[in-house]
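**Student:** Here TrEMBL flags 338 as active site. Residues or ranges marked as Zn(2+) binding site in TrEMBL: 200, 203, 216, 219. TrEMBL lists 59-267 with the feature domain 'Mur ligase central'.
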Ligand SMILES: [Zn+2]
């Protein structure tokens, strides 16, 4: 670990910490990005040097990486200190800062932006790489997702020699990318969004699906047998030996049970007994503000972030069946200006409940709900939304900047 750092790397680490602290003190976020940038200018190999000698896991995919990283960290902490980028600064600057801030941590759990996986494989020489899912982002089209899977496949072939891959057997793009690796542990982590994988990523032919099994009609690419899965009944993960590990998660939905399955699979590769790790996951109550519960005027709001089509579908699976639902949609730069992707999302599961629509693009959302036959009311902002529902539980689903706006309204800023 950092005991062996060169004088230049030590100096770079000191500057990194100072820059991050200054950024925090002046109220410009947690300082991860600026700190990392400063450190990497002084010592371009800083990430590599800080990662050396540690047991690293990288966690990547379109959805669930922040939560899975948090679960994995909680699990591995059963046996030692873990460096992690817990606030989602998931590019090399954020990774460098996470490692610099925890010089004594023997382990590192790093959430990795999909486009930086190759760079991190080279710099951090991870023991384990967890690949969750790939689906279109709000800014992408399906073709770009296949291109990303092809890039992963190539980078894993050249750079993942020493790593064990923990991969989602239910996502054909992930299976295709990971199947070039020597050591793969398959997890049945589910796929709520199948629209981007109707076609075989390997040969372009049609994929047949029978229940959870899928197979290419031409080249034979198919769903590998998973070693880890989410239990069909109750809230549990089933491990390789068929043993059940009960979950008592505070985070909702099948998606989070799948994230827990991946975390337990990763942690067991680090030598953590899953029976010891599973109860630790129930301590996670919110992740960078997601799933947080806030209260106003007798309404208890639970805040769900849904950044892309798959995320919206997953959030509908997470919400309780009865409470009113507030949907908030913006289309600022990081959200993508084009909201046409909402037509790829099926909103019919919301029919019959009280739905309140808000956000900059509330009228786009209103038209979409009209098409799906969902009754709704439109209001100007989250305050009006709160006034429009009776006291009690409220589920709030918002995309990125809409979510940040709502957090700001409740004075919750990271
Ligand atoms: Zn095929």
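Residue numbers in this text run from 1 along the chain shown.
Backbone N, Cα and C define each Cβ position, glycine as well.
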**Student:** Need the DSSP three-state call for the residue listed as 'active site' to compare against my parser.
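**Tutor:** Reduced to three states, the DSSP call for the residue listed as 'active site' is coil.
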**Student:** What is the nearest of the binding-site residues 200, 203, 216 to the residue listed as 'active site', using the Cα of each?
**Tutor:** 200
**Student:** Cβ within 8 angstroms of the Cβ centroid of 200, 203, 216, 219: which residues besides those meet this for the Zn(2+) site?
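**Tutor:** For the Zn(2+) site the neighbour list reads 201, 202, 204, 205, 207, 217, 218, 220, 221.
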**Student:** How many other Cβ atoms are found within 10 Å of the Cβ atom of residue 216 (Zn(2+) binding site), counting all protein chains shown?
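**Tutor:** For residue 216 (Zn(2+) binding site), the 10 Å Cβ neighbour count is 20.
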**Student:** Identify which of the binding-site residues 200, 203, 219 has its Cβ surrounded by the largest number of other Cβ atoms within 10 Å, counting every protein chain shown.
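**Tutor:** That would be 200, with the highest Cβ count within 10 Å.
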**Student:** Would you mind checking how many other C-beta atoms are within 10 angstroms of the C-beta on residue 338 (active site)?
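**Tutor:** For residue 338 (active site), the 10 Å Cβ neighbour count is 10.
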**Student:** Need the DSSP three-state call for residue 200 (Zn(2+) binding site) to compare against my parser.
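**Tutor:** The residue in question, residue 200 (Zn(2+) binding site), is coil (DSSP, three-state).
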